[in-house]
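> After the structure tokens below, expect a handful of questions from me.
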Amino acid sequence: WKTHVLPGVLIHFMAGEGDTKLFEKENSVMFFVFCSQTYIGSVVISINPYRPLPIYTPEKVEEYRNRNFYELSPHIFALSDEAYRSLRDQDKDQCILITGESGAGKTEASKLVMSYVAAVCGKGAEVNQVKEQLLQSNPVLEAFGNAKTVRNDNSSRFVSIFCKVLFVCLDLLEKSRVVKQPRGERNFHIFYQILSGASEDFLCKLKLERDFSRYNYLGLDSARVNGVDDAANFRTVRNAMQIVGFMDHETQSVFEVVAAVLKLGNIEFKPESRVNGLDESKIKDKNELKEICELTGIDQSVLERAFSFRTVEAKQEKVSTTLNVAQAYYARDALAKNLYSRLFSWLVTRINESIKAQTKVRKKVMGVLDIYGFEIFEDNSFEQFIINYCNEKLQQIFIELTLKEEQEEYIREGIEWTHIEYFNNAIICDLIENNQTGILAMLDEECLRPGTVTDDTFLEKLNQVCATHQHFESRMSKCSRFLNDTTLPHSCFRIQHYAGKVMYQVEGFVDKNNDLLYRDLSQAMWKASHSLIKALFPEGNPAKINLKRPPTAGSQFKASVATLMKNLQTKNPNYIRCIKPNDKKAAHIFNDALVCHQIRYLGLLENVRVRRAGYAFRQAYEPCLERYKMLCKQTWPHWRGPARAGVEVLFNELEIPEEEFSFGRSKIFIRNPRTLFKLEDLRKQRLEDLATLIEKIYRGWKCRTRFLLMKKSQIVIAAWFRRYAQQKKYQKIKSSAIIVQSYIRGWKVSFLLLWLELKRLKEEARRKHAVAVIWAYWLGLKVLPQTLPSMQKYFLEMKNKMPSLSPIDKNWPARPYLFLDSTHKELKRIFHLWRCKKYRDQFTDQQKLIYEEKLEAIFAEQQTLVFTSVVLCNFVSSQATSRIFLLTKNNVLLADQKSGNIKSEVPLGDVTKVSMSSQNDGFFAVHLKEGSGAASKGDFLFSSDHLIEMATKLYRTTLSQTKQKLNIEISDEFLVQFRQDKVCVKFIQGSQKNGNIPTCKRKNNRLLEVAVP
């Protein structure tokens, strides 16, 4: 047996003397370190911490998903994942049995199992819808089927089995709670939720008031529960009903039935005496009856008569008798219980219709059993008796499947085994359910026999039949054994259950077992115009009258439990044993005696001993060999001998230690789960290898087949293509020859036509020219007399206003007439050219030589020429840097203005061009040869006040050194290479805020604008 005190830490101990204290001690430690679950073999032991723990998050779901059972810390998710994978991979129907005392946390455990399965199962729109409906059905069933008890604030008062996507709720609802609750307990949650959470308009429609004290069926001492918000829960229930699939009118009908049940408790009766001396009952206040009839659509007189009279039919006769006050109250409560119980059954059926799978193929089943726990109260009646009987049957299944069946299997398979004693509660189950001498059989017999039948006569019968039974005690049986037990009253009997002794008050056993609903009330309900209520009472139809007495509550319960046990025995069981740490429903309290008592009666110690001495896994030889045969070369792919021999060869090949397994007559037994996990890991790896091999062979075959098909197709295509290509080639050559002939013929003809056309055009052009000349001369003759004086005046004035002959003189007289504008500009250009020529012509060869010497003096040949105030513009960072421009005979050097360090060196041979604008801006670009070492960072863009001098010196130095002229480009838009990109430098006119200083502005990654004032 293993327990996790802290996650990841295992504590092993022997199950022997002192097991109880050790079990108790370890669970106590585990409880206070907030790890509320542990294992006994594959059984999960869950302790209710009475507070939320952060161990059920979506991250935890993913952590436990597809993991081996013992790989991580004990958890409900681990058991849920193991059951789900067994269902999915091994096709075995599963059932998770959740048992324990009331308040041990069974309902919460079932929610966790359902939420985990919903999270890890298949995906898809329909599947997700079913999962959402399944999870949302839980709040609905809790509201209508759960109630607060002294042990539990949310106790399940019915039995539910969640089977994959189907809820099966057996006819085990504690319907007596509708009309009466023990002190300190509440009615079903839905009554309090409606009164707390419904709006005023909705309550008005249901004829209800918000005050709990107005309703006799609601206990007032526990109407409010700390930490429970009934109003919020009501909104959750309504939303859940909508998600599950309830229509609006169905939801309204359900709440109308609930309101009718609640108001039935307010109907009170008063006695009246008839003339014949018989007692009769009358309704005190008919206002409540009127509102119930309005809700249910029943004629008020029909329902009133059903509460006052009872009709008994025997063959062809009908006898109508009056009901006294006690009988009227019994009829009222019977109607309320049946109405609510049938409503609950209808809800379950309706939910099943919404969420059941639509496929017709066989469905795998995974059941989660949530049942009310074992109950021992101060006053125990018929309800506690049948609840504890159901728990006895579940304990019997646990014993048979985990203790008895396992030990018998070892003996049957020939495994060496020492029998471990345990308590078998079959004798208690027989005491209750035996068909002749069982308590339920005697209770039915008393209810059916004629004559006066009371609870006392039933107790007398028990004393007669069960007096000698070792697990039955009563005051009379004690006296018969010469014992005197004053703690056992005369009207009680005691049964020693597996969970301890429980004393039952015999009062009410007969009436509660009868659970008789008078036929008059059934027929009244069937006559209702309310469609739901009419559907709940089909036996009220006069056409389907059945004179047979309905089965008693005990027999119905017994049949339902038998159906439940039969269902569970067809599935592979998984167990969650819930333990209650204290009776105060408080966190951080661990009652050693209480926990020790639960450990004993749940049979956990015997389970520890059996698990420790036994084997964790067993399987028949055939399926074992079939599952793991791929792990051994001798057994794969086919084994030709007995299955057992194949398993022996397989385990020997894998070198598994002999102490880890044993061979039975028909099964292989594996002691340690880690051995099984090892086999599964090896199988998984081998399957991946086999899948890779199959994929490889298939791909090779597919590629080979495709290759052969392509080869065959290629031959056919090539043959047809060659034929087609030759035909096309012939047609092309033929067409080309025809075209060439046509072109030659056409050229000859067109050449002749062209010559003729040119000759005609020349003649036509000469004629047009002659006409134009004649026309011009004629116009001139007409205009000349008018314009001649003006032109003469213009030329005479120009003669007197001519500027000086200096080439730098830009003055020029204004034009007098608009029609002489072009003539005026042309005269200005011709005059400037003429005076420049005149100026040059006046220089002699000696004077020209003197000017060249002066130019040489300005730019004298020297090693270095330094220009300061040179600014290097960086396009990437949009910043300007001051540099010293140094020009030597062979290089252009750029040095830092402060330190004088050389930053760049460019040979003159790498300078290809200098670009500058036509404006007065001082910018010029030095372009470098592509691929040169100096061009790695791109061209240089400078700004200098000595642009002309620098360009001239650079031109002359380059011409002197390289014997090639440097290209000087003057344009207002040119390209500059910056690193790997070409940038356009564009010069525009603009007014500047900085005076006459040009400014640069980067427009995008490809444009730099220079605004010149």
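Placement of Cβ uses the backbone N, Cα and C atoms for every residue, glycine included.
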> What range among 285-307, 561-583, 791-813 does TrEMBL record as region 'Actin-binding'?
561-583
> Which value does the mean pLDDT take for the domain 'Myosin motor' (38-684) in this predicted structure?
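In the predicted model, the domain 'Myosin motor' (38-684) has a mean pLDDT of 81.
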> Across all the protein chains here, work out how many other Cβ atoms are within 10 Å of the Cβ of Ala104 (ATP binding site).
25
> What is the total of other Cβ atoms whose distance to the Cβ of Glu101 (ATP binding site) is within 10 Å?
25
